[in-house]
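Copied from Swiss-Prot, the annotated features are:
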TRANSMEM  35-55  transmembrane segment
TRANSMEM  68-88  transmembrane segment
TRANSMEM  167-187  transmembrane segment
TRANSMEM  201-221  transmembrane segment
TRANSMEM  226-246  transmembrane segment
TRANSMEM  251-271  transmembrane segment
Amino acid sequence: MNFTIPAPFTAIHTIFDVAFTTGLDSMLETIQEAVSAPLIACVTLWIIVQGILVIRGEVDTRSGITRVITVTIVVALIVGQANYQDYVVSIFEKTVPIFVQQFSVTGLPLQTVPAQLDTIFAVTQAVFQKIASEIGPMNDQDILAFQGAQWVLYGTLWSAFGVYDAVGILTKVLLAIGPLILVGYIFDRTRDIAAKWIGQLITYGLLLLLLNLVATIVILTEATALTLMLGVITFAGTTAAKIIGLYELDMFFLTGDALIVALPAIAGNIGGSYWSGATQSASSLYRRFAQVERG
C-alpha cells in the first residue's frame, strides 16, 4: 500500500521547521541591524548623562554603576549577533532540550515523536482500508460509522502532533523577536514586557519537559498496544463488530490525547504562577519600603 506522503508527520515537521528556521533567522538579523546603530547612540548618550548625574551627586554612585553595567550587558546581547546566539538562542534551542532529554522515563527521544506517529498512522491505515473494502457501497450506516471512527483517530494524532510541533516553532518565533523585546528591559516602563517574554520562554521550556515525560510515555504505550488491539479488531466476526472495535481504539487514543493536550495549560499555569508570584513579591517589597519611609 503506497501513501501519497509515506511519512506525513515527519514531512510536515521538517517543512515547517526549515521554513521557520530560515525565515526567522533572516528576520533576526534584520532586527539586530535595524536597532543596532540608534540603540548604541542612545545608550552612549545615556551613559554620558548618567555619569554627569553621578558626578553631581544627583544619582547614587552604586546605583548608577549598576544601571550602566545592566544596560551594557543588555545592549551587548541585542546588537551582537554572536552574543545573542551564544547566550540566548543556544540556551533555549540546544541546552534546554538536551537537559530535558535526561529526564526521559521511556528512553524514547522526544525528537522521534513524528516518526512514531507516522508508524501508528501507517499501521492503522492498513487496517482501516482493509475494513473499508468489506463495507458495501450501499451500506450508508456502516460507511458513516466507519468514517466517524477514522476522523476521530486522525484528530487525536494531529492534535498530539500539533502540541509537539508548536513548542519548537513558537520558541523560534519568540527568540526571533527577542532583540526588540530586550530593548524594553532598558526602560523601567517597559521592563515588564521583557520579563513576560522571558517567562513565556520558560513556560515553553516547562512544556518541553512535560512533553518529554508524558508524551513519550503515551505514544510508546499506544504503539505497544496498537498491534494487539488491531489484531483483535481484524479478526472480529462481522464488519459491524470491527467498526465498534475501531471506536474502542479511538477511545484508547483519546485518553492519551487528553493527557498531551492538557500539558500546555499545566505549563502555562506553572510559568504564570511563578511570574505572578515574583511580581507580587516585588510589589509587597515596595510597599514595605514605602511604609518605612513614611514611618
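Cβ coordinates come from backbone N, Cα and C, glycine included.
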Remote residues contacting the transmembrane segment (35-55) - C-beta distance under 8 A, at least 6 residues beyond either end: 61, 64-65, 67-68, 71-72, 75, 78-79, 179-180, 183, 186
For the transmembrane segment (251-271): best-contacting stretch of 68-88, 167-187, 201-221, by Cβ pairs under 8 Å: 201-221
Residue numbers, six or more beyond the limits of the transmembrane segment (167-187), whose CB comes under 8 Å of its CB atoms: 16-17, 20-21, 24-25, 27-28, 31-32, 35, 39, 43, 71, 74-75, 77-79, 84, 88-89, 92-93, 193-195, 197, 200-201, 204, 207-208, 211
Same-chain residues at least 6 beyond the ends of the transmembrane segment (226-246) whose Cβ lies under 8 Å from its Cβ atoms: 120, 123-124, 127-128, 130-131, 134-135, 142, 145-146, 149-150, 153, 252
